[in-house]
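Reviewing the structure listed below.
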Amino acid sequence: MSHFYERKTYRYPSYALAALAVLMAVSLFYFQWMLGLVGLLGVGFLLYYVIWSQRSLHKELQQYISNLSYRVKKVSEEALMQMPIGILLLDEEDKIEWSNRFLAACFKEQTLIGRSLAELSEPLAAFVKKGKTDEEIIELNGKQLKVIVHRHERLLYFFDVTEHMELRRRYEIERLVLAIIFLDNYDEITQGMDDQAKSQMNSLVTSVLNRWANDYGIFLKRTSSDRFIAVLNEHILTQLEKSKFSILDEVREQTAKHQAQITLSIGIGAGVSSLPELGTLAQSSLDLALGRGGDQVAIKQGNGKVKFYGGKTNPMEKRTRVRARVISHALRELIAESDKVLIMGHKYPDMDALGAAIGILKVVQSNQKEGFLVVDAMKTDAGAQRLLEEMKKQADLWARCIKPEQALELITEDTLLIVVDTHRPSLVIEERLLYRADHIVVIDHHRRGEEFIEAPILVYMEPYASSTSELVTELLEYQPKRVKLSMLEATALLAGIVVDTKSFTLRTGSRTFDAASYLRAQGADTVLVQKLLRESVANYVKRAKLIERAAIDEHGIAIAKGDENEVHDQVLIAQTADTLLTLSGVVASFVISKRGDGTVGISARSLGDVNVQVIMERLGGGGHLTNAAAQLSDVTVGEAEQQLREAIHDYFEGGKPV
C-alpha cells in the first residue's frame with residue numbers, strides 16, 4: 001500500500017494544484033500585499049488539509065485491507081478444513097503431505113499426514129498411479145466419492161456424491177419398463193375346443209399370469225384373447241431376469257396338464273424415458289421373439305442391445321398353410337414388377353442354401369422373368385460342390401449361375417434381390433449387393449437374431465420349418481401356374497431337406513414329409529441325393545479322430561476339439577457334432593476346430609434339453625435350439641474352448657462349470 005501511495009504519479013495532481021495556488025497568492029502580493037498574505041495563508045492551510053486528508057485516507061484504507069486480508073485468509077483456512085470437499089496433497093513418494101478434516105473424517109482418522117495412499121485404499125492408489133482419466137467414482141468406508149486428480153501438482157479433490165449416486169440408482173431401478181405378452185399358439189389350441197373347454201383354458205392362463213404379476217408387483221392388463229400389456233420397472237425386470245422368466249415354464253407346464261400346451265412370447269422395451277419409444281421397443285422385441293420361434297423373452301434396450309431368455313422348446317409346426325399361400329402370391333407380384341432377380345445364399349453355401357436358391361430360380365422362371373444364382377463355385381462345401389458339378393451338365397441351369405462381381409454389374413434400381421437360408425448381412429455371399437438393392441426379400445428358417453438385413457420389403461421366416469428348402473417347396477406349390485421341376489431341381493431341394501433334418505430325424509414335421517412327397521412326385525432322385533451327400537474316406541478318418549478326443553462330463557455335455565495346427569472344414573465339424581449326439585448319455589455336443597479361413601469354428605447340437613442357439617449367440621453365432629454354430633476370430637482353439645465353457649456355464653447360471 002505504501003508503495004502505491006508514494007508513487008509520484010499519484011501525487012502529481014496535488015503538486016499541480018498547490019503550485020497554481022501559490023502562484024495566484026504571489027500574484028496578489030504584486031497588487032496588494034495584505035491580500036497576498038491572506039491568500040498565501042489560505043493556500044498553506046488548504047495544502048496542509050489536503051495532505052492530512054490523504055494520509056488519513058491512506059491509513060484507513062490500509063487498515064481496511066489488512067482486516068479484509070485477515071478475514072479472507074481465515075475464511076480460506078476454515079473452508080479448506082471445514083467445507084464438505086476433501087483436499088489431499090501428495091509428496092513424490094505418494095505419501096500424504098497434507099489433508100483437510102473432511103477427508104480425515106471420511107477415513108475415520110485423526111490425521112492422514114505421513115500415510116501412503118495404498119494403506120488407505122488400494123483402488124484409490126491404483127487410480128492415481130495408473131488411471132487413464134482424471135476423475136473416477138471410488139467407494140471409501142461406505143461413501144461414494146468422486147475423486148479428481150491433478151497429477152502434476154500431486155493434488156486430489158474428493159467430493160461426496162453418495163446421495164447423488166443413490167438418487168441415480170433409484171432413478172434407474174424405478175425407470176418404467178413396458179412388456180407385451182403374447183400367447184403363441186392360443187388360437188390354434190382353442191379353435192378345436194368347445195366353449196366350456198375354451199373358457200377353462202382361458203381362465204387357467206389368466207390366473208397363472210395374474211398370480212405371477214401380483215408376486216412381482218406388475219400391472220397386467222389383457223388387451224385381447226391372446227395378448228397382454230404389462231407395466232413394471234427396472235428393479236422388477238432384474239428380478240425377472242434372475243428367475244430366468246420362470247413364467248414361461250409355468251404356463252407351459254400348467255397348460256400341458258390339460259393336454260393343450262400353450263407357450264408365451266414376451267417382448268420388453270426398457271432403457272428409455274419416452275413412452276412411445278418404449279412401446280416401439282416392446283413391439284420390436286416381441287417380433288424378434290416370435291421370429292425366433294416363440295416361447296421366449298426378448299428384452300430390447302434403448303441403446304439397441306438385446307437379451308433373450310427361454311426358447312427351451314422347438315417351434316410348433318403351424319397347421320395352416322395360409323401364410324405360405326399369401327407369401328407365394330406376394331413374391332409373384334414382386335418378381336413381376338422387377339427387371340431381373342438375383343438370388344443369394346450365405347457364405348460357403350450348403351445343400352439347403354443352394355437347393356433353396358435353385359427352387360426360387362424356378363419360381364422366377366415360371367413368372368417369365370430373368371433370374372440368376374449368385375454363387376462362388378470355389379467356396380462351397382463338398383456336397384454343394386458335387387451339386388454344382390451336376391448343374392454344369394445342364395447348360396441352361398449352369399448359365400444362370402454368376403459370380404458376385406458379375407452380380408454387382410448386373411444389379412439396377414429395379415432388380416429384386418432374394419436372400420435365402422440366412423438373414424444376417426455379415427453372412428451373405430456378397431454384402432455389397434444388400435446396399436445396392438432397393439428391393440430385398442428374405443426367406444429363412446433360422447431363428448431370428450439381433451443382426452438383420454435392413455429394410456426388406458418381404459420377410460418369410462418360419463423357425464418351425466426343417467429347412468429353407470421346405471419353405472421354398474411350399475412356395476412352388478402355390479404358384480398360380482403349375483410348375484414342373486426338372487429331376488435335378490427337385491433333387492436339389494430334397495437334398496437340402498435331407499441335410500438339415502439329418503435324414504428326417506431332427507426338426508421334422510408333417511409338412512416336411514408333405515414337401516418331400518411333392519418333390520418325389522416331381523422326380524427327385526433319392527439315389528442321387530445319397531451320392532451328393534457321400535463322405536470321403538479321408539473325412540471319415542478325420543471325424544473319427546475328433547470323436548476320439550471328445551470328453552463327456554457328468555451333465556451329458558460332449559466337447560471335442562482339434563489340434564491347434566489342424567484345419568477342418570465346417571461341414572466336417574458339423575458332422576462330428578451330429579455323430580457325437582448319437583452316443584449314449586450325450587444331450588449336447590460341441591466340436592471346435594480351426595477352419596480354412598483362419599477362424600475357429602464351433603458346431604453345436606442338442607436333443608432339445610439344452611438350447612445350443614443361446615449358447616452360440618453368447619459367442620457371436622446363432623442357429624436353432626438343437627442346431628447352432630459360431631465362428632471366432634483371432635483366437636486359438638484352446639481359447640475358443642475356454643470361451644465355450646464359460647458360455648455353457650453362463651447358460652446354466654450357477655451350475656458347475658463343465
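These residue numbers are counts, starting from 1, taken along the chain as shown.
Quick reminder: no glycine exception, Cβ is built from N, Cα and C everywhere.
Summarising the annotation, Swiss-Prot assigns transmembrane segment to 12-32 (among others) and lists sequence analysis as the type of evidence.
What Swiss-Prot lists as transmembrane segment is 33-53 (among others).
Under DSSP, the residues of the region 'PAS-like' (83-162) split into helix, strand and coil as follows: 20 helix, 32 strand, 28 coil. The annotation region 'PAS-like' is assigned in Swiss-Prot to 83-162 on the grounds of an author's statement.
Confidence across the domain 'GGDEF' (174-302), taken as the mean pLDDT and rounded to a whole number, stands at 91. The domain 'GGDEF' annotation in Swiss-Prot covers 174-302.
Taken from Swiss-Prot, the feature region 'DHH' covers 340-497, and the record attributes it to a curator's inference.
DSSP assigns HIS346 (Mn(2+) 1 binding site) to a strand. Within 10 Å of the Cβ of HIS346 (Mn(2+) 1 binding site) there are 20 other Cβ atoms, across all protein chains. The feature Mn(2+) 1 binding site is assigned by Swiss-Prot to HIS346, ASP350, ASP421, with similarity to another entry given as support.
For ASP352, ASP421, HIS445, ASP500, the entry in Swiss-Prot reads Mn(2+) 2 binding site, with the evidence type similarity to another entry. All protein chains considered, the CB of ASP421 (Mn(2+) 1 binding site) has 29 other CB atoms within 10 Å. The secondary structure of ASP421 (Mn(2+) 1 binding site), as reduced to three states from DSSP, is coil rather than helix or strand.
Residues or ranges marked as region 'DHHA1' in Swiss-Prot: 590-646.
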Neighbours of HIS346, ASP350, ASP421 excl. site residues, C-beta within 8 Å of centre, Mn(2+) 1: GLY345, TYR348, PRO349, ASP352, ALA353, LEU354, ALA356, VAL420, THR422, THR468
Nearest-integer angstrom distance between the alpha carbons (Cα) of HIS445 (Mn(2+) 2 binding site) and ASP421 (Mn(2+) 1 binding site): 7
Those binding-site residues listed as ASP350, ASP352, ASP500, and which of them has the most Cβ atoms within 10 Å of its own Cβ: ASP352
CB-centroid shell, 8 A cutoff, Mn(2+) 2 site ASP352, ASP421, HIS445, ASP500, site residues removed: ASP350, ALA353, ALA356, ASP444, HIS446, ALA465, SER466, SER467, THR468, SER469, GLU470, GLY496, VAL499
